[in-house]
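A.B. asks: Supplied in structure tokens, the structure appears directly below.
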Amino acid sequence: MACPRVIFLILITFFILQTAFSSSWQTLSGKPPAVIARGGFSGMFPDSSIQAYQLVNITTSPDVMLWCDLQLTKDGVGICFPNLKLDNGSNVIRIDPHYKERFSVDFTWKELSDVKLAQGVVSRPYIFDDVSSILAIEEVAKLTASGLWLNIQDSAFYAKHNLSMRNSVVSLSRRLKVNFISSPGISFLKSMKNSVKPTVTKLIFRFLKQEHIEPFTNQSYGSLAKNLSYIRTFSSGILVPKSYIWPVDSALYLQPHTSLVTDAHKEGLQVFASEFANDFVIAYNYSYDPTAEYLSFIDNGNFSVDGFLSDFPVTPYRAINCFSHVDPKRAKEQAKITIISKNGASGDFPGCTDLAYQRAASDGADILDCNVQMSKDKIPFCMSSFDLINSTNVIETSFRNLSSVVSEINPRRSGIYTFSLTMSQIQTLKPTISNLEKDSGLFRNPRNNKAGKFLTLSEFLFLPNRYSSLLGLLIEVENAAYLVEHQGISVVDAVLDELKRATTQQNKTSARTILIQSTDKSVLMKFKEKNKMNHDELVYRVDDNIRDVADSAIKDIKNFAGSIVISKKSVFPYKGFIILEKETNIASKLKSNGLRVYVERFSNECVTHAFDFYDDPTLEIDSFVRDVQIDGIITDFPATTARYRKNKCYGEFGLTTTGELITFANPMLLPPAEAPYPALLDSDVTEPPLPEARSQPPASSPSKAEEKAIEVPFAFIAMAILVCFFISV
């Protein structure tokens, strides 16, 4: 009996050790990676401002270190400022217009008291400019409990002005809690080696771009990265641009990771990675998700960096504490939120294609959506837009001659509409990936452009057979009145026929939820009448930003729908990317009246979020789920929300405070006030009944698209006749 007991204890011990080993960090110390806030929360407030440093304490924990780019004034006072020149990052040019170049050594500490800080990155909020003064290093030290990281970028510059950066740093390290001192200059680090206690303050060699030359050795930083044993003689760690670890090619795709972290750890060097910011362009592999990028440096199964230098410290802080070491297959869902795709995973693949749906299902979407369009031969299929120009390469084909203006749909621009082509013609087109507005400068995965194929509604209804994790499907029906009145096509009947056929074929679709969504009450009423659909299966979509919903409108909606879709701006109204108030009460009002509330559209790109969410799509999701308590998220990046549902610290951190950033703004820089969004009234919901389709459209009344299609070929025919005539003459 003793032997089995011993074996059992051995197995238990082995299991515990194996679990501990597998869950330990692959950092040099075995502890979680550190987070260093570069100039405070410099992604939001001006770098090195008191607001930037204070926001770090509000959004993270005392463990997060504050970074100070140390500069010296003419009278030797140490200040925190991101650049040698004061021009970029302050309003010094308005204070003293006489200097061509303005450095901190040109001013005494007292003279700098009138200089205010400004945002140095043009894409970031400028409304906080000219509010905060430059801080002395002693003032910054009072704001942190964990200690400071001092960066000395150019000690030789100050030596030319008879100022000793070394002496200043030594003095500061004796008076203040300085955890790390970094510099790209080897001579400076060597001079500091015997002046600080390595158990208290660590010296870190900062790498610049690989082609740049380090002055002491006259070697490139790229070559020095291959001589880590030499680096170990004067430092205890390295700070490298992230591309040293995960290279990115010219097309913005990741290359295989290097062995730098592993090699450095073998030499006893810590590795800190830099150049992280939520509003920087990152490799397409990350789908514009900053948390995914951080996780690739710490949770890849091969190595982990020892820390991050970030302009948005809340994101790496939560990536480390909430999303690392989470097994997506085994982890339980913490957040109760339904994920509905927006044209599939249309952030990664062309929308409404087989590949977009496949990615959405594998990424964790609960419900796949199909925006139903109709072909000329009355076949319903899935496509994100009524206009083929928006979703396909039709403009590159001979079908471009079918361009027409349909005033009922878009009176300002011509289009090539789905009802102008047969299904077989549409299937010859290549799908194109949807991008944000052109002026954003952000493009979605170009390698996936023109990948995949569009699905007919019949094929779409079979997807639950392929992806067993799905809870249901959502079918969106728009432009039904136009199609009936002008094209003689009943999209409602076409959808009902496909639903009946799918049920008859017993393809298991009937066992899953089918939702019908529309912006038109008349469409939803028609489904309710013809198919006896329960109002819980009908979803009413509000296609405008609204600030309130009248009680009479809610009562009307409840008669024909059980769910409602509203925009993000209807919940958190914002202008110039700054939320104007904490939140409206729309969601709670709708929910208290028994309606499920879905919100659209959630994307990963930083330009789609209000600044109050710190350019972090995960923090935005958290606010809508925990604060507003919506029922579902409609997203073109389902993976981001699916990962959020399984985070380890759900509910442990405080909610992101919305509507308060504006109180820190410079009133002179705020945009002018605008009229609030309108309220949704009963008159906005009420519509005349949807007419029945004609049996056949009148032969004498071709559509405008057909007129255009006939007109262009006729011109070619006429030209051919004339050519033949002149040849014969």
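Note: Cβ is positioned from N, Cα and C throughout, glycine not excepted.
It should be emphasised that the depicted structure is a prediction, and the values quoted were computed from it without experimental measurement.
Not my notes, these are from Swiss-Prot:
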{"type": "SIGNAL", "residues": "1-22", "note": "signal peptide"}
{"type": "DOMAIN", "residues": "33-320", "note": "domain 'GP-PDE 1'"}
{"type": "CARBOHYD", "residues": "N88", "note": "N-linked glycosylation site"}
{"type": "CARBOHYD", "residues": "N162", "note": "N-linked glycosylation site"}
{"type": "CARBOHYD", "residues": "N218", "note": "N-linked glycosylation site"}
{"type": "CARBOHYD", "residues": "N227", "note": "N-linked glycosylation site"}
{"type": "CARBOHYD", "residues": "N285", "note": "N-linked glycosylation site"}
{"type": "CARBOHYD", "residues": "N302", "note": "N-linked glycosylation site"}
{"type": "DOMAIN", "residues": "337-645", "note": "domain 'GP-PDE 2'"}
{"type": "CARBOHYD", "residues": "N390", "note": "N-linked glycosylation site"}
{"type": "CARBOHYD", "residues": "N401", "note": "N-linked glycosylation site"}
{"type": "CARBOHYD", "residues": "N507", "note": "N-linked glycosylation site"}
{"type": "TRANSMEM", "residues": "709-729", "note": "transmembrane segment"}
A.B. asks: Between the glycosylation sites N88, N227, N390, which lies closest to N162 (N-linked glycosylation site), Cα to Cα?
C.D. replies: N88
A.B. asks: Grab the pLDDT values for the domain 'GP-PDE 2' (337-645) and give me their mean, rounded.
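C.D. replies: Looking only at the domain 'GP-PDE 2' (337-645), pLDDT averages out to 94.
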A.B. asks: What's the number of neighbouring CB atoms sitting within 10 A of the CB on N302 (N-linked glycosylation site)?
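C.D. replies: Around N302 (N-linked glycosylation site), other Cβ atoms within 10 Å: 10.
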A.B. asks: Provide the number of Cβ atoms within 10 Å of the Cβ of N88 (N-linked glycosylation site), excluding the reference atom itself.
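C.D. replies: A 10 Å sphere around the Cβ of N88 (N-linked glycosylation site) contains 15 other Cβ atoms.
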A.B. asks: Report the nearest neighbour of N390 (N-linked glycosylation site) in space among the glycosylation sites N218, N285, N302, N401, comparing Cα positions.
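C.D. replies: Nearest listed residue in space: N401.
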A.B. asks: Drop a 10 Å sphere on every Cβ of the glycosylation sites N162, N227, N285, N401 and tell me which sphere holds the fewest other Cβ atoms.
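C.D. replies: Counting other Cβ atoms within 10 Å of each of the glycosylation sites N162, N227, N285, N401, the minimum falls on N162.
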A.B. asks: Measure from the Cα of N88 (N-linked glycosylation site) to the Cα of every one of the glycosylation sites N218, N227, N285, N401, then give the nearest.
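C.D. replies: Closest recorded candidate to N88 (N-linked glycosylation site) by Cα: N218.
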A.B. asks: What is the number of other Cβ atoms found within 10 Å of the Cβ of N218 (N-linked glycosylation site)?
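C.D. replies: Around the Cβ of N218 (N-linked glycosylation site), 7 other Cβ atoms lie within 10 Å.
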A.B. asks: In Å, rounded, how far does the Cα of N302 (N-linked glycosylation site) sit from the Cα of N227 (N-linked glycosylation site)?
C.D. replies: 22
